[in-house]
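**Student:** I am attaching a structure below and will ask some questions about it afterwards.
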Ligand SMILES: Cc1ncc(COP(=O)(O)O)c(C=O)c1O
Ligand SMILES: N[C@@H](CCCC[NH3+])C(=O)O
């Protein structure tokens, strides 16, 4: 799936499914996120088909996009959920994802969160440290429940991705070092309220090659054999998420190729396989639609100032991430390259880092023109903030020729009234 697969231009107008993006913009003020229901569904089905000959459960990584409409779409397709907080558990349950399809990851689960997850009866805790295991054991014992656990293993493998989204190296905070894994499992087996059932690994995000996955899964396969020899009943392997997407021109292995590799590395162990995809389900199912506020000529550069900012989509400022930016309406333009111009495309926020693209060629634009920031369906709205007291961008989901607002833009009053001015001021 490319950034434009589900957002093609027809007669010089960008469409999402059967609606022109500009028609949505007549009813929803920019900036707004726009998701294609069909893109999400197709992506999920691709995973389901790819893993159809394995005993696999797809647990969508809720952090990638936790909108209730997105979660409900995936719940109806049979998805489980990979969650990292009580908030995400609540979102998943509310959307209809059953507790027994929820795996709970994250490095710092609190007592309250563990209590909540246990009382619901989630499928598995992915435990990230011995102290966390101790807390889960304590809470489970108090509740007279048993927590099914896997340790998240840190295999010390380089994911060959951006360092800020690399999670499987020894220097990263995630998981239990593979060298200490057998000891950790030995301790877990002795703890009350704990049932050891699996092994978990997630080495990072936006992986564009299968090699790091393969390396990690080889370590995991060997560990499972050792753990079984130690007497542990390991019957679940959670292989994490991480499969990348095309933002620019990256060539990504297909979901089927990935699934075949998982089977080749782990199939002989006859475990239930959990996969936790996030980005590869959602990124290219969404765009951020923005309007040009001003075109400004600097001394050295031409700036296209748009009404979306780093508070709406932080990926370019945080990871220097590349997102294609495309004019929604190209009707005044033709294929002649003279109609293309080079701009720095920036937002309105008072930070130099509020830059979506430098020296980017796009169709010549003027105030009011709509621009689409592509591949924004994952780690877009979920990472947004109200910095500069800018309201969170609304979200829209399109299905066929219908669209619905799936998150409203809060009013300034609603946001400001959350602050409390003490009466002693
Ligand atoms: C534990 C865990 N599982 C799954 C994911 C989803 O990763 P991705 O969006 O790259 O598929 C993440 C995020 O990287 C994660 O931390
Ligand atoms: N937020 C990151 C992905 C992090 C994945 C979380 N483990 C991104 O936008 O690329």
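Placement of Cβ uses the backbone N, Cα and C atoms for every residue, glycine included.
TrEMBL feature annotations, pasted as is:
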| type | residues | note |
| --- | --- | --- |
| DOMAIN | 33-377 | domain 'Orn/DAP/Arg decarboxylase 2 C-terminal' |
| DOMAIN | 40-282 | domain 'Orn/DAP/Arg decarboxylase 2 N-terminal' |
| MOD_RES | 63 | N6-(pyridoxal phosphate)lysine |
| BINDING | 242, 276, 277, 278, 279, 379 | pyridoxal 5'-phosphate binding site |
| BINDING | 279, 315, 319, 351, 379 | substrate binding site |
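Map the listed features onto the structure and describe their local environment.
**Tutor:** When secondary structure is read from DSSP and collapsed to three states, residue 63 (N6-(pyridoxal phosphate)lysine) falls in the helix class.
Long-range Cβ proximity for residue 278 (pyridoxal 5'-phosphate binding site), meaning a same-chain Cβ under 8 A and a gap of 6 or more residues, is found for 60, 61, 62, 63, 64, 65, 82, 205, 241, 378, 379. Look at residue 278 (pyridoxal 5'-phosphate binding site): DSSP puts it in coil.
Taken residue by residue with DSSP, residue 319 (substrate binding site) is part of a helix.
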**Student:** On a count of neighbouring CB atoms within 10 A, which of the binding-site residues 242, 277 is highest?
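**Tutor:** The most densely surrounded of these binding-site residues is 242.
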**Student:** Of the binding-site residues 242, 276, 277, which one has its Cα closest to the Cα of residue 319 (substrate binding site)?
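**Tutor:** If we rank 242, 276, 277 by Cα distance to residue 319 (substrate binding site), first place goes to 242.
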**Student:** Under 6 Å from ligand 1 by C-beta, which of these binding-site residues make it: 319, 351, 379? Sequence order, please.
**Tutor:** none
**Student:** I need the CA-to-CA distance for residue 277 (pyridoxal 5'-phosphate binding site) versus residue 351 (substrate binding site), whole Å please.
**Tutor:** 32
